Each structure stands twice: as structure tokens, then as C-alpha cells.
């Protein structure tokens, strides 16, 4: 397999005037493992934020609660590890509002495929504009859009079930915010 890939790259490189040495240098650069300069706190924080709702769902014998609430743990990715306390909390509040909003829109408009696709397109445009306006760090609007599409793919339910699902996600957001707040307090001590 490796020989075939090298042969294909060699043929492609020959057509573009590259030597075997140039191609080898490019391959080494692509496949080289680079050191990540990010702190190691983010994966731990994300796993804790995801584990708490799932554990509560298991203990309360309601795994649907835990799984839906654990969707909110993705919010940790947008959390700035540096900055003032107020900047961090404002980012949490903004992302919380955004997550609840896009999930609600997705659940409400999942009753018709044509309407849900139209509303999804409009929502994605609004999400993209908002994220670009506030200059969020990568992954930018990806998880907001993923959350909206996840909600749209859930079969339409009665209004009480929609409110229940929104409540589950809100519970997950609150537990994620609590986990992150504890992290901020521990880190600042």
C-alpha cells in the first residue's frame, strides 16, 4: 500500500517537475508529528463536562437525559483558557445562549423536511455571521451547526417532549458551566 502511494505521488510530482527528493521532503513534513502548544487542561475539562451529565443520567436511570445533556460539553472547546474572569464568563453565557437557541430552533422546525432545510439554511447563515462578528476561535461555527442539525434530525415530537429535550440540554449546559467555573476557581487559587 505504501509503495503504491509513493508511486502515485512520484508520478504526480514528475508531471509537475518535482524530483524524488522534493516529494520525500513533502511527505516527511506532512507525516511529522508536531508538538501542540495548547494546555493539557482542555481535554480533561471536556471529559469531565461530558462525564458529569452521563453519570447523573445513569444514576437517575434516565440515560436519555445523560446523552442529551452531554451534547452541551462541546461548549468547552469555545472556552478561553486565558483572559479575565469576566471575559471567560461572558463567553460561557454567550455560547450557552447560542447552544440552547440553535437546539430549540432545530427541534421546533423538524416537523417538515422542506421547512427544516430552509430554516436550517437561514440558521446556519445567522450562526456564521454571529460567530464571524464575535471572532470566535476555531472550530468557530462548526459545533453550533452540528447541534442544530442533530436537533433537526430528531423526529418531530409533541411540544412537551420538545420542552423536555431543551431542558435536558439546558441541564447539560448548566453542569458544563459549573464544571468550568470550578476549573476557573481552582486555577486562580
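Glycine is treated like the rest: Cβ placed from N, Cα and C.
As recorded in TrEMBL, the features of this protein are as follows:
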- 65-81: transmembrane segment (TRANSMEM)
- 88-108: transmembrane segment (TRANSMEM)
- 114-131: transmembrane segment (TRANSMEM)
- 143-160: transmembrane segment (TRANSMEM)
- 166-186: transmembrane segment (TRANSMEM)
Check the transmembrane segment (166-186) against the transmembrane segment (65-81) for contact, please; criterion is three or more CB pairs under 8 Å, pairs 6 or more apart in sequence.
yes
Counting only residues 6+ away from its ends, which parts of the chain sit with a Cβ under 8 Å from the transmembrane segment (65-81)?
38-39, 41-42, 45-46, 49-51, 53-58, 87-88, 91-92, 95-96, 99, 103, 136-137, 139, 143, 146-147, 150, 165, 168-169, 171-173, 175-176, 180
Which residues of the chain, 6 or more past the ends of the transmembrane segment (114-131), have a CB below 8 A from one of its CBs?
98, 102, 105-106, 140-141, 144-145, 148-149, 152
